[in-house]
Ligand code: SAM
């Protein structure tokens, strides 16, 4: 995934290693960064900083929407994004579609502080390909969050234009999508392609970025598209009780995350 550069974490123990029907799944105990989930050799999360990614991927689109009631999550088998969505009392249903049941099982066994997201009674779990699931959903969701792995293996189709067309068709009026947007330092071509697709398909488009030290390059983006609401400022207020539960997201960092380095701003302007 990252020719010429590598990230190393010190491992104490291999807790789980198995090839599922879809991918190689490894779960490690690291020395300093908690447990780490790796799929097909690519770091998906460490317990030390997973909050940054989960909070931003969930709260940026949800707080940009005036009244999100029906939410869909594609991917995200660890449950962390579900944990964050569940903090929103206005959300009535949370459909969840993950291709690999084994990732859910591993998370429930080794990452209970993330898999607790599955305990929310609003969550309805569907096991299957997110793209196939989406093709059957029309005019249904206020917010769709795509917490996919990378564009190799089972996640490949989730980075292509037909998938984004299906995302758009599955949205209700004023709907918002937020997808795992890779890193503008590490994957310029992939990020440019996602931004181009969302610019072409959605009335409002924006790209937000998150600091995550244990992802190679130390950052990852969120590609957002909206059928109406602007994206860059929260349009609902957050209670103090919710804010106190969080570790990364604040209304200010919501806004700041859209202020891009100049090279990225220029790259996106030309698309
Ligand atoms: N936070 C992570 C990151 O960006 O590095 C993503 C984590 S989450 C574990 C990614 C999940 O997407 C995996 O569990 C994988 O099985 C799932 N996935 C990949 N392709 C999928 C597809 N076509 N449909 C549904 N889920 C998919």
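Backbone N, Cα and C atoms are what each Cβ position is placed from, and that goes for glycine too.
A TrEMBL annotation is a machine prediction, not a hand-curated record.
Long-range C-beta contacts of residue 147 (active site, proton acceptor), restricted to its own chain and to partners at least six residues apart, with a cutoff below 8 Å, comprise 57, 73, 74, 75, 76, 80, 81, 180. A strand conformation is recorded for residue 147 (active site, proton acceptor) in the three-state DSSP classification. Under the heading active site, proton acceptor, TrEMBL lists 147.
Annotation comment: TrEMBL describes 23, 98, 129, 130, 154 as S-methyl-5'-thioadenosine binding site. Within 10 Å of the C-beta of residue 129 (S-methyl-5'-thioadenosine binding site) we count 17 further C-beta atoms, all protein chains included.
The spermidine binding site annotation in TrEMBL covers 78, 147, 148, 149, 150.
Along the domain 'PABS' (1-227), the predicted structure has mean pLDDT 96. Under the heading domain 'PABS', TrEMBL lists 1-227.
Checking the binding-site residues 130, 149, 150 against ligand 1, the ones with a C-beta less than 6 Å from an atom of that molecule are 130, 149. Taking CA atoms as the reference points, residue 149 (spermidine binding site) and residue 98 (S-methyl-5'-thioadenosine binding site) are 11 Å apart.
DSSP assigns residue 154 (S-methyl-5'-thioadenosine binding site) to a helical segment in the three-state reduction.
Neighbour counts of Cβ atoms within 10 Å were compared for the binding-site residues 130, 154, and the top value is held by 130. For the pair formed by residue 150 (spermidine binding site) and residue 129 (S-methyl-5'-thioadenosine binding site), distance between Cα atoms is given as 14 Å, rounded to the nearest Å. In this structure, the C-alpha atom of residue 130 (S-methyl-5'-thioadenosine binding site) lies 9 angstrom from that of residue 148 (spermidine binding site).
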